[in-house]
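> Annotation comment: TrEMBL describes E91 as active site, proton acceptor. Summarising the annotation, TrEMBL assigns domain 'Radical SAM core' to 97-328. Annotation source TrEMBL lists [4Fe-4S] cluster binding site at C111, C115, C118. Residues or ranges marked as S-adenosyl-L-methionine binding site in TrEMBL: G163, E164, S195, S218, I219, H220, N296. The active site, S-methylcysteine intermediate annotation in TrEMBL covers C339.
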Amino acid sequence: MKQSIYGLTFEQLTSWLEEHGEKKFRSKQVWDWLYQKRVTEFSQMKNVNQSCIDLLAEHFTIETLTEEIKQESQDGTIKFLFKLDDGNVIETVLMRFNYGLSVCVTTQVGCNIGCSFCASGILRKSRDLTSGEIVEQIMQVQHHLDKQGKDERVSHIVVMGIGEPFDNYDNLMDFLNVVNDKKGLSIGARHITVSTSGIAPKMYEFADEGIQVNLALSIHAPNNELRTQIMKINRAYPLEKLMPAIDYYLEKTNRRITFEYILLRDVNDHKKEAEELAALLKDKRHLSYVNLIPYNPVADHPYERSEKEAILTFYQTLMDRGIKCGVRTEHGTDIDAACGQLRSKQIEKEKARKKKQMQTN
Ligand code: SAH
Ligand code: SF4
């Protein structure tokens, strides 16, 4: 199967073209067509010579995703379900904020980390997405915006869709390189956030990259017992491995880390957990921000959303101890916009349809 040209960084495309006998300046032209004029066919690249167009078309495609479903929520959130060329489906979400338009991308088909509260975790990982498939999610959303004719641009990216980005590290890094490149989409590194469940060795590597991309860590519990209960990855990377990795990142980058804390009713939302979390982050509170996430209930999962009171108490307890925090506002709850929900519903529907078909045959 041909790979998407979106997967190549500018440097990779330049050396590929040179290896294939093309002039160096072609890559600048091709990128201009891809990311400024945003065409979807090589034949539309007017100032590129025919032999180069033929060469590219022979080895690459531009688009590999097909839009299966697009749901728009009342608050302007749009959820896209895309089919990959191997038939798997992934989801991408566009959210509107007062500071801009943010896209949440998927990095893997399913996820092997298996957090007990997450819709993606039930469906095991079947494969990593290629860098091209991750970039293309942004491009598909941008093409949608272009068609609306309002001159809107994707300005922010959160790598918080299905999958563990640090379990697909090299493709993640190529993706970040492409979307950040000034010659392409030029989405500022400070406008991009990567969220990890805490793969400690990769956090060291990420710190050493020398890039300004933000890091979010899904902490979700202030002690090992509770954290292991809701995130089994904590067995491999318990807090005593995670905290030094966080310290290294902070020291190396001097950039703030966002700690994501999903509030599960009567599980991790008591005042004592807020106190424990505050103590855990005390020495790094100048570079910490805690994002409290009201849980989005998932079918067949044992958890419920915390009461409003509990959320407020948790928030206040952290604030009183000098830990900056906020409660995440929700987007598109009327369209299953939470991590993996639309996709898992779609897969259930598909299963039910196949079962019915077998019964009637
Ligand atoms: N695998 C990475 C990134 C994807 S998950 C990680 O875990 O950090 C991104 C965020 O979505 C995580 O913080 C996760 O806790 C949150 N999330 C998953 N399921 C959710 C649900 N049902 N309701 C609210 N947030 C959820
Ligand atoms: Fe994977 Fe993140 Fe979901 Fe955990 S929360 S199962 S790491 S996608």
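Each Cβ is built from the backbone N, Cα and C atoms, and glycine gets one as well.
For each listed feature, how buried is it and what is near it?
In this structure, E91 (active site, proton acceptor) is part of a beta strand by DSSP. Neighbour count (other Cβ atoms within 10 Å of the Cβ, all protein chains): 27 for E91 (active site, proton acceptor).
Within the model, the domain 'Radical SAM core' (97-328) carries an average pLDDT of 96.
For C115 ([4Fe-4S] cluster binding site), the Cβ neighbour count at a 10 Å cut-off comes to 21, with all displayed protein chains included.
Shown in sequence order, V158, V159, M160, P165, L215, A216, L217, S218, E260 are the residues of the chain, 6+ apart in sequence, with a C-beta less than 8 angstroms from the C-beta of S195 (S-adenosyl-L-methionine binding site).
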> Just to be sure I understand the contacts, which binding-site residues have a Cβ under 6 angstroms from any atom of ligand 2? Candidates are C118, H220, N296.
C118
> Nearest to I219 (S-adenosyl-L-methionine binding site) by Cα distance: which of the recorded positions E91, C111, C115, C118 is it?
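Result for I219 (S-adenosyl-L-methionine binding site): the nearest of the recorded positions is C115.
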> Helix, strand or coil for I219 (S-adenosyl-L-methionine binding site)? Use DSSP.
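SS state of I219 (S-adenosyl-L-methionine binding site) = coil.
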> How many whole Å apart are the CA atoms of C118 ([4Fe-4S] cluster binding site) and G163 (S-adenosyl-L-methionine binding site)?
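The separation of the Cα atoms works out to 11 Å.
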> Rounded to a whole number, how many Å is the Cα of H220 (S-adenosyl-L-methionine binding site) away from the Cα of C111 ([4Fe-4S] cluster binding site)?
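A Cα-Cα distance of 17 Å.
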> Including all protein chains displayed, how many Cβ atoms other than that of G163 (S-adenosyl-L-methionine binding site) lie within 10 Å of its Cβ?
27
> Of S218, N296, the binding-site residues given in the record, which has the fewest other CB atoms within 10 A of its CB?
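Checked S218, N296; of these binding-site residues, fewest Cβ neighbours within 10 Å: N296.
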